[in-house]
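Note sheet for the following structure.
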Amino acid sequence: MPEASTLLSYLFVMSITPGPNNLMLTASGVNFGVRRSVPHMLGICFGNAIQVLLAAALLATISAWIGELRWVMAMVGCSYLLWLAYKIGQAGAPERRDLAQPLNFWSAALFQAVNPKAWVMVINTAILFMPRDGRLAAAVGIAAVSATVALPCIAVWAWGGERLRQLLQRPAALHAFNLTMAALLAATAIWLLVDEYHIRFSAS
């Protein structure tokens, strides 16, 4: 089925490429390892699956309401990313290591509601691949496929972070890495916010 292979390819590319989730998981892998990052990964997959189901339920009106909410979601999501960037930057400081904790299941799941990249993926999936007759079984199937494809893709980033951990044994090296990841996450947040600003106000 060409459409099925296209869906799988699209979900794979969107899940494996850099974005807020994968940058956060890389930092989590470095600081906490893959095992302690599993709730974070499962929360991402669960949140994305719920988004797919919501998009399926609202497919008929999604283009109307998403335009109104997109700017608000972008501001909330990017503000949260900047806060996480600060927390990641602090995680590598030796005197603050005892305060650092990996993101839990529900925090990771709820973050998807304001994650701009996640919404781009979900909306495109709904528009391009969701049947127009609103069949629940098809929506559940696509949500399950989305979560199944995403899990190994995002796990690669956490695993890569854990491998990097071996090279960052010195506190100064770990702190430098976390500051770098924090800067990348902050830059991602700012870029997403600027991009959403141009989309919103260039059309007005």
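Even glycines carry a Cβ here, placed using N, Cα and C.
Copied from TrEMBL, the annotated features are:
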type	residues	note
TRANSMEM	41-62	transmembrane segment
TRANSMEM	69-86	transmembrane segment
TRANSMEM	106-129	transmembrane segment
TRANSMEM	136-160	transmembrane segment
TRANSMEM	172-194	transmembrane segment
Dominant neighbour of the transmembrane segment (41-62) in 106-129, 136-160, 172-194, by Cβ pairs under 8 Å: 106-129
Cβ-Cβ under 8 Å with the transmembrane segment (106-129): same-chain residues at least 6 beyond its ends: 3, 6-7, 10-11, 14-15, 19-21, 39-44, 46-48, 50-52, 55-56, 59, 62, 66, 70, 73-74, 76-78, 80, 142, 146, 192, 196
